[in-house]
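Asks: Annotation source Swiss-Prot lists active site, proton acceptor at LYS35, TYR247, citing sequence analysis. Per Swiss-Prot, the feature N6-(pyridoxal phosphate)lysine maps to LYS35. For ARG127, MET295, the entry in Swiss-Prot reads substrate binding site.
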Amino acid sequence: MSMCTIVSISQSALKHNLLVVKENSPNSKIVSMVKANAYGHKINLINPIINHSDLLAVSEISEAKKLRKITKKPILLLSGVIEDQELQQAIKLNCQIVVHDKTQITTINNTKQPINIWIKINTGMHRLGLSTHEYFDCIKLLANNPLINTQCVMSHFACADEINHPMNQSQLFEFKKSTYHTTKRSMANSAAILSNPASHFDYVRPGIMLYGVSPFEIINNHLKPVMQISAPIMSIKTIQTGDSVGYGATWIAKKSTTIATIGIGYGDGYPRHAKNGTPVLINNNLCPLIGRVSMDLICVDISNVKASVGDNVILWGAQKLRIETIAKYSDTIAYELLTGISSRVAFVSTI
């Protein structure tokens, strides 16, 4: 019997979700988002993505260094470079570099070695990206440098997870208008891959869907959860009417109740703000959270379930209990939960 919190990473689910990407965008190459340690899944545990993507995208140089140790696949550096030192590191790592700000152009243009770049333009999100005017100035300037090869022009949707949001079409129109002359283009994230075929172009950039999470408010059952987090029942007891559970006595029993204390808490990455009633899965039965989440422990009502000390409890990552559900109960998003697992939790690879 293990008394540890364990995160299991399903290799078959990774393969399945990548296949969903390919089925939805059969004519596009795949740039898989593996930033933030593969959305919290650990880059050393996502071999199906690494082996079967055309490119792998990270945010920072430090992430590119770790990724380069385990693969020779092309790496796209989303944050690009600002200083010459960063440029040299990116070249050494054989990264393709995103240019998203006019201050980067001088650094890029001073290269002494061949480099491949992607140019990012702002079509309405106003986070990163060159304006249309800056973009045309950039391609004119860099076209005179034989060491610089522009691989692709990209942009990013602000509201792709809201299928009918008017910004989706306005951004797509702006992108097409600005890049009509460009051979290779990229705009589609997970939500656009699943809902907007006109945005697929030459490269799609799946992120959250690779890990089995729907980019939309409605859960997508075609995607399979990759991360499953589980912990053991550490204690079972019966409390009486009027007894309270947990810090602050925020939950009070209205009748005799059997409760299980489970060995996971916010110190492991379980959400501190999970509400009373947040479900966990015990022996294929959903049981409600009662009382506040502690650093190391949570309590649930198991009055209607047969369970024993040592039984495994799934906190999220089953078809019956998706991470999207836990995020809603906790007033957060699945991205934050996935990337918030603490270092004391053990990760294992499963079939």
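Each Cβ is built from the backbone N, Cα and C atoms, and glycine gets one as well.
Please go over these features one by one and say how buried each is and what sits next to it.
Replies: Secondary structure at LYS35 (active site, proton acceptor), as computed by DSSP, is helix.
In three-state terms derived from DSSP, ARG127 (substrate binding site) belongs to neither a helical nor a strand segment and is classed as coil. Shown in sequence order, HIS156 are the residues of the chain, 6+ apart in sequence, with a C-beta less than 8 angstroms from the C-beta of ARG127 (substrate binding site).
In sequence order, GLY291, ARG292, SER294 are the residues near TYR247 (active site, proton acceptor), counting only same-chain partners six or more apart with C-beta under 8 A.
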Asks: Can you tell me whether DSSP puts TYR247 (active site, proton acceptor) in helix, strand or coil?
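Replies: Reduced to three states, the DSSP call for TYR247 (active site, proton acceptor) is helix.
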Asks: Highest Cβ count within 10 Å among the recorded positions LYS35, MET295: which residue is it?
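Replies: By the 10 Å Cβ neighbour count, LYS35 comes out on top.
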